[in-house]
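For reference, the structure discussed in these notes is given below.
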């Protein structure tokens, strides 16, 4: 297994605490249109704990949560949208759908007191999977500034 695949796999395994950090995974990741681990989650090749699914968006619990609630929301079809910096006008609808779905999931998860939305973009933004995804984190008091 290549170093890059090992790091990306560690992001979704319980042993990730002893594996590579998110920063290392982001620095090892290569932006491309190649299938990602999220494509395998969408196709159910890799199990996940789904909390929301419709025809456009899949939301599931992060395997390495950064709060009591940590959910990833992804578009089911990437359409070249590997990161926010790659967004084009044709992506407006799915970007809005991801954020609106985050609001629905936050309500479903009981996050009435607030939550944080994060989109990492590129190596310096700590993006480790090049399939745009929204982190919904809540259930605790957040700090400012973030990382």
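Placement of Cβ uses the backbone N, Cα and C atoms for every residue, glycine included.
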Expected hit for motif 'Histidine triad motif' in Swiss-Prot across 126-130, 131-135, 136-140 is 131-135
Using CB atoms and a 10 A radius, I'd like the single residue among the recorded positions 133, 135 with the highest neighbour count. 133
Secondary structure at residue 135 (substrate binding site), reduced by DSSP to three states: strand
As a test of reading the model: what is the averaged pLDDT for the domain 'HIT' (37-147)? 97
Using DSSP three-state counts, the residues of the domain 'HIT' (37-147) come to 29 helix, 25 strand, 57 coil
